[in-house]
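Chemist: For 9-29, 46-66, 78-98, 109-129, the entry in Swiss-Prot reads transmembrane segment. For 86, 89, the entry in Swiss-Prot reads Na(+) binding site.
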C-alpha cells in the first residue's frame, strides 16, 4: 500500500462505519414498520410504498437542510442520507413486492404499484425539498424583520 493510501484508510473505515451504523438504524425502522403494518399477500404493498415515499420526503428535507441552511459535520450526510434513509427505503423489497404480485396473478396491480411508487418517490422528494426551501426562506424573512 502506498503512503497516501495508508493516510486515507482510517477516514474510509470511519465513513464505512458511519454509513453501516446509519443503515442498521434505517433497516430496523423499516422492519419495525413492516411488523406494525404488515402487507397481506396479493394486496397493494402499502408499507413499502409508504416507507419509500416517506424516506424520499425525508431525503428532500435533509438535502435542503445540509446544503442550504447550515454546514454540518462531513459525516452527517453519509450517516443520515446514505445510511439511515438508504437503509429505511428499499428498492429490493419494492422489486420483490412487484414480483410477488405478478406471481399471484395481479399483474395490473404490480404495474400500478411500480408506477405509483416511482411517481410518489419523485414527487415526495421534490415537494419536501420545495416546502423546506419555502419554510427556510420564510423563517429568514421573519427573523430579518425582527432584527
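Here, residue 1 is simply the first one shown, and the rest follow in order.
Just so it is clear, glycine is given a Cβ too, placed from its N, Cα and C backbone atoms.
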Chemist: Within 10 Å of the Cβ of residue 89 (Na(+) binding site), how many other Cβ atoms can be counted across all chains shown?
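Modeler: Looking across every protein chain shown, the total is 21.
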Chemist: What three-state secondary structure does DSSP assign to residue 89 (Na(+) binding site)?
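Modeler: Its secondary structure by DSSP: coil.
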Chemist: For residue 86 (Na(+) binding site), which residues of its chain lie six or more apart in sequence with Cβ-Cβ distance below 8 Å?
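Modeler: Same-chain residues close to residue 86 (Na(+) binding site) (Cβ under 8 Å, separated by 6 or more) are 19, 22, 23, 26.
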